[in-house]
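Engineer: This is the structure, below, for whatever I ask next.
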Amino acid sequence: MAASQRLAILGAGDVGRSVADLASEYGHEVVAIADSTTATVDPDGIDVADALDRKLGGEEIGDADPTAVFETDYDVLVEATPTTLGDADPGFTHAKRALETDHHVVLANKGPVAERYGELRELEADSAGSVRFEATVGGAIPVLSTIEDSTSQAVTAVRGVLNGTANFILTRMAAEGLDYEHVLAEAQDLGVAEADPTFDVDGTDAALKFVILANVLADGGFSLEDATVEGIQNVPGSALDLAAEDGRTIRLIGEATRDGVRVGPRLVPENGALAVTGTRNIVQIKTRNAGSLHSSGRGAGGPETATAVLSDVGRLPPL
Amino acid sequence: MGNEPIGGSDSDRDAAADSAVEATAETAVETNADTETDTDTDTDTETEAETETDGGVRPYTVRLELVDEPGELLRALSPISDNGGNLLSIHHERGNITPRGHIPVEVDLECPPDRFDDIVEGLRDAGVNVIQAGAERYGEEISIVFVGHLVENDLSETLSRIEAEAEAAVIDLSLAAPDGTDATSSARLRLAVDSGRTDAALESIRSIGADKDLTIVEPLLGGEA
């Protein structure tokens with residue numbers, strides 16, 4: 001059993017709430033949770049069920065200021081606010097503040113590790129705390145810990161499908177012979193695609209994850225602007241039909257190596273490992289000495305992503 | 001899916017092939033370049049076709065692409081002896097993977113010149129991908145899908161540029177234009193590219209696509225996709 005840690009959770013969306021909800025099952029205690037307007041803080045452990053009821057009922061999550069989170073006695077900051085590009089704030093500043101005060105940081109927010117990896121690692125080097133970010137890549141799938149276990153120097157490339165929305169759309173287009181707009185509308189009705197699906201379909205979301213992977217392989221040096229990114233908006237049903245005639249299909253595939261990041265629609269064997277269907281994600285980790293490893297699973301969702309956050313928490317040493 | 005070798009059978013086969021290789025790997029360097037001028041050989045073998053040839057055999061090199069599965073090498077070699085070829089050496093290039101994730105194998109053999117085409121045909125009938133047979137190169141095949149205003153953008157010029165700039169031969173083309181040729185359409189091309197030139201060819205094709213405002217869906221090459 002891993003050491004019990006006191007969690008301060010920033011962000012009360014699907015992931016933040018699920019982390020709070022599941023923390024006790026994994027042996028950890030929640031001492032604070034904040035959304036963008038208020039926080040509830042209790043050094044002896046907050047009443048998670050009450051706080052989540054208030055949040056879901058449309059009330060304020062607590063009566064404290066969100067910054068009160070940093071002033072309580074906690075071990076691990078769980079950063080689960082929405083991903084932002086460019087300066088990656090407020091996520092980056094939250095992580096910085098926690099590290100500068102010698103706390104651990106576990107990220108579900110992709111921004112800081114995709115856009116400012118080097119700076120974050122420098123802050124970590126000067127801190128007693130560590131940074132972990134399994135939840136930023138592939139939801140429930142253990143991608144970064146697999147790379148860590150294989151040792152990142154022995155991994156030559158990572159590629160695969162890391163956006164469930166785009167994969168769902170391509171799967172449905174191929175299976176039903178429907179066009180992009182039609183399937184996108186269906187995906188929105190099902191809640192698979194957000195009201196604004198831009199980052200999912202234009203490849204940005206997948207690119208952020210592969211940028212993070214390239215940063216892990218190369219120990220930094222990449223941000224979103226270094227990635228070559230193409231989305232699926234221009235892939236018509238007829239392209240999928242032609243691919244199928246040849247025993248292939250089209251998937252939004254990302255590739256990360258030490259030399260760069262590329263995301264775009266690619267032809268893959270219809271029955272190949274990377275041609276996962278629906279919202280499923282898959283990664284193929286190419287190793288120098290052990291061939292390829294494949295892991296597939298749910299790449300998004302509150303409880304799924306929360307399990308990745310909590311396994312990171314479990315890997316942290318006591319402070 | 002699932003062409004990952006299982007257990008030790010693969011390395012056993014590998015070791016066996018390797019040991020056969022190294023001794024004779026460089027012996028059969030002659031090609032069939034001079035067979036056409038050597039008509040005597042041909043007539044000799046014609047007359048004695050039923051019996052042993054009297055030295056009227058020629059060395060040939062055949063390059064194959066094999067799927068990485070146990071038994072594949074053996075299966076690929078039987079059409080050679082079945083058609084009267086004599087195996088000289090096999091170079092099984094494990095570790096070297098073709099863009100389609102297959103293993104290149106170079107086979108040196110000797111046979112009467114009139115049997116050679118039967119051997120190549122036999123290999124193809126057995127489902128073996130022949131990349132190069134004698135002096136004839138077939139290279140690697142890649143599929144690629146183009147999307148855009150293909151017809152309005154002068155499809156035949158696009159194809160000519162692919163042949164010229166990407167040094168690829170267009171083997172076949174399927175066009176799907178469900179909304180008419182003046183709307184967005186898709187085309188699937190099968191291209192033959194010289195071995196080892198696939199990356200360069202794809203790069204040229206990307207730039208042709210950018211020039212002509214086409215979306216290009218490239219194959220995912222290498223390893224088990």
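Placed from the backbone N, Cα and C atoms, the Cβ positions cover glycine too.
Because TrEMBL annotations are produced automatically, they should be read as predictions rather than curated entries.
The model shown is predicted, which means the values in this text are computed figures rather than measured ones.
When I checked TrEMBL for this same protein, it listed these features:
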- A:GLY11, A:ALA12, A:GLY13, A:ASP14, A:VAL15, A:GLY16: NADP(+) binding site (BINDING)
- A:LYS110: NADPH binding site (BINDING)
- A:142-313: domain 'Homoserine dehydrogenase catalytic' (DOMAIN)
- A:GLU194: L-homoserine binding site (BINDING)
- A:LYS209: active site, proton donor (ACT_SITE)
Engineer: Have a look at the recorded positions (A:LYS110, A:LYS209) and report the one with the fewest Cβ neighbours inside 10 Å.
Structural biologist: A:LYS110
Engineer: Among A:ASP14, A:GLU194, all listed as binding-site residues, which has the most CB atoms within 10 Å of its CB?
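Structural biologist: Max Cβ neighbours within 10 Å, all protein chains included: A:ASP14.
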Engineer: Looking at the recorded positions listed here (A:LYS110, A:GLU194, A:LYS209), whose Cα lies nearest to that of A:GLY16 (NADP(+) binding site)?
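Structural biologist: Checked the recorded positions A:LYS110, A:GLU194, A:LYS209; minimum Cα distance to A:GLY16 (NADP(+) binding site) goes to A:LYS110.
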Engineer: Tell me, how many other CB atoms lie within 10 A of the CB of A:GLY13 (NADP(+) binding site), whichever protein chain they belong to?
Structural biologist: 15
Engineer: Count, for each of the binding-site residues A:GLY11, A:GLY16, the other C-beta atoms lying within 10 angstroms of its own C-beta, and report the residue with the smallest count.
Structural biologist: A:GLY11
Engineer: If you measure the residue listed as 'NADPH binding site' to the residue listed as 'active site, proton donor' at Cα, how many Å is it?
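Structural biologist: About 7 Å separates the two Cα atoms.
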Engineer: If you take the centroid of the Cβ atoms of A:GLY11, A:ALA12, A:GLY13, A:ASP14, A:VAL15, A:GLY16, the listed NADP(+) site, which other residues of that chain have their Cβ within 8 Å of it?
Structural biologist: A:ILE9, A:ARG17, A:SER18, A:VAL19, A:ASP35, A:ALA80, A:THR81, A:ALA108, A:GLY302
Engineer: I need the CA-to-CA distance for A:GLY11 (NADP(+) binding site) versus A:GLU194 (L-homoserine binding site), whole Å please.
Structural biologist: 18
Engineer: If I take the alpha carbons of A:ASP14 (NADP(+) binding site) and A:LYS209 (active site, proton donor), what is the distance between them in whole Å?
Structural biologist: 19
Engineer: What is the number of other Cβ atoms found within 10 Å of the Cβ of A:ALA12 (NADP(+) binding site)?
Structural biologist: 27
